[in-house]
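Participant: Below is one structure. I have some questions about it.
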Amino acid sequence: MELVDLGAGRRLVPYEEAWALQREIHGEVADGSRPDTVLLLEHESVYTAGKRTAPWDRPVDGTPVVDVDRGGRITWHGPGQLVAYPLVRLREPVDVVAYVRALESAVMTVCSRLGLATARVEGRSGVWVLGDESRADGTPPRRDRKVAAIGVRVARGVTMHGVALNCDPDLGAFGRIVPCGIDDADVTSLAAELGRDVTVTEALPMLGEELVAAVGPLARVEEIIG
């Protein structure tokens, strides 16, 4: 599996540029002319809407949104968020749920390595920091908080889209939308939870390593046609 760093921490990639590159590599992986590939990058600020996005999820101020063909609803990408797009040919029979769980496991391991305990939430994709039922200092309990969003598509047996891990973004960007269509939970970041700077540069090698470990067993092994 090939890891391709598109300059995360050094360059912000326009969404349309990365989307075009995804489609190109997806075709090559599907045709057997390229090995499974994971793109690692940091986007320019953009809202993207999956196929299940409702009108009321969108920005109230009319901010432009890019409609995409992944699952899920609306989310934000931008500076301080590490994005991974695995383009992987899955073993048959294709099990999309198992693939999503593998992505979650990879991110949860990265968070653990950085010192943050995370969990899955029943019925919701992504990686979460669980809320508090009560707090010793008397402050109001916190709700569940999503630290990483996941949205995928599988076409011709090959995955597209992927994972967005909030390292140290401006979380205010999520306040203009209903992130992932969920209005009874919040969005957080590694930096906010750990109380220190956590850059995309720090998280990138860990995420690449853990994605290879988690997704690799689900990949279909084939000879590359050259």
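Each residue, glycine too, has its Cβ placed from N, Cα and C.
According to TrEMBL, the feature domain 'BPL/LPL catalytic' maps to 32-219. The substrate binding site annotation in TrEMBL covers Arg70, Gly71, Gly72, Arg73, Ile74, Thr75, Trp76, His77, Ala149, Ile150, Gly151, Gly162, Val163, Ala164. If you look up TrEMBL, you'll see Lys146 marked as site 'Lowers pKa of active site Cys'. The annotation active site, acyl-thioester intermediate is assigned in TrEMBL to Cys180.
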Participant: How far is it from Lys146 (site 'Lowers pKa of active site Cys') to Trp76 (substrate binding site), counting Cα to Cα, in Å?
Facilitator: 13
Participant: Taking only the residues in the domain 'BPL/LPL catalytic' (32-219), give me the average pLDDT of this model.
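Facilitator: Mean pLDDT for the domain 'BPL/LPL catalytic' (32-219): 90.
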Participant: Can you tell me whether DSSP puts Trp76 (substrate binding site) in helix, strand or coil?
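Facilitator: Where Trp76 (substrate binding site) sits, the three-state DSSP reduction gives strand.
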